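K.L.:
TrEMBL lists these features:
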TRANSMEM  9-31  transmembrane segment
TRANSMEM  37-60  transmembrane segment
TRANSMEM  67-84  transmembrane segment
TRANSMEM  90-110  transmembrane segment
TRANSMEM  117-135  transmembrane segment
TRANSMEM  155-174  transmembrane segment
TRANSMEM  241-266  transmembrane segment
TRANSMEM  278-304  transmembrane segment
Amino acid sequence: MKANFKYNLVWLIIMVAGFYLMNTLILVGVIDSFIENMLVTIGINIILATGLNLIIGFAGQFSLGHAGFMAIGAYATAIVTQTASTPGGFYASIFIGIVISIVAALIVGVPTLRLRGDYLAIATMGASEIIRILINNMKITGGAAGMFNIPQFADWPTVYIMVCVTTIIIVNFIHSRAGRAVKSVREDEIAAEAMGINVTKWKLAAFVLGASTAAVAGSLHASYLQTIAPNDFGIMESISILIIVVLGGVGSITGTFVAAVVLGVLDTVLQNFGALRMVIYAAALILIMIFKPSGLLGTWELSIKKIFSRSKRKERVES
């Protein structure tokens, strides 16, 4: 417990240092509004992909329903902040989005997580489409036209803090007793059940936590862009998030960060290429997956614990 606290403290110091470094670069003009906008998009994608990586990479459940939970968070924030246009209202909307996404994840997860592989992917994709269609046909959500003039409370510092918070929560979950149970289910459900692990319970726990992070990302997305529509949360959004997970390395949180940055920068650079943009983007993805089929980092993780262990071993050798 003390060791975990120490490593969390080190990561917290690194994150705070990163926050002040980025803010300094913004203040002196090194990072302009265009780059800041790119960083916000990358941050939101990191939150989305980290949650999906928990479900796919660590729990071993192939879900294509992430966009549906993102939509829940986005519309919760849009509706609440248009009524209560204050920072308090914004954070309350994030909480409401999380609660609704948890309920939705339980409703979707209990029957579907008994399925495996392609069947689970199809079931979660269908559930996501149901959420989108419901939003598309409700007056309170603005129907197919969506919602406009959403108060903007999400900015670069808010997104950065949310990236840090969600990452710390997910990483601590992965390294906890619950996380070990989830990973044992991924490796062999029958063996895990024979050892007394409640397979359904832990698959559902990972699914719910992943859905919650998607709702947080949706809230930030709605508040930052100030306009949303049901078509923003279709199957292509779920696939875009999946691409980040696969490109970075299924089962690697560090890989998720790297892939989100690489794809975010690539997408921004290719904006001037017009119709060729998607062709070049797709070709780049294909080449990466040909030469790195396990993802950019595979299952490798940047670990403070490993760095500390290496430094201690060096000290022992030198002494």
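Glycine is no exception: its Cβ is also placed from the backbone N, Cα and C atoms.
Note: TrEMBL annotation is automatic and uncurated.
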K.L.:
Counting only residues 6 or more past its boundaries, what in the same chain has a CB within less than 8 Å of a CB in the transmembrane segment (67-84)?
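P.N.:
That would be 48, 90, 92-94, 96-98, 100-101, 104-105, 127-132, 135, 140-141, 147, 149-151, 153, 210-212, 214-219, 221-223, 228, 230, 232-235, 237-238, 241.
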K.L.:
Can you work out whether the transmembrane segment (241-266) touches the transmembrane segment (90-110), with the criterion being 3+ CB pairs under 8 Å where the paired residues are 6 or more apart along the chain?
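P.N.:
The transmembrane segment (90-110) and the transmembrane segment (241-266): touching, no.
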K.L.:
Do at least three CB pairs under 8 A connect the transmembrane segment (155-174) and the transmembrane segment (37-60), leaving out pairs fewer than 6 apart in sequence?
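P.N.:
In this chain the transmembrane segment (37-60) contacts the transmembrane segment (155-174) - 3 or more Cβ pairs sit under 8 Å.
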K.L.:
Is it the case that the transmembrane segment (155-174) and the transmembrane segment (9-31) touch, counting contact as three or more CB pairs under 8 Å in which the residues of each pair are 6 or more positions apart?
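P.N.:
In contact, yes.
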K.L.:
Would you mind listing the long-range same-chain contacts of the transmembrane segment (90-110), meaning Cβ under 8 Å and 6+ residues beyond its ends?
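P.N.:
Answer is 65, 68-69, 72-77, 79-81, 84, 123-124, 127, 131, 151, 153-154, 200, 203-204, 207-208, 210-212, 214-216, 218-219, 223.
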K.L.:
Same chain, outside the transmembrane segment (9-31) by at least 6, Cβ under 8 Å from its Cβ: which residues?
P.N.:
39, 156-157, 160-161, 164, 168, 304
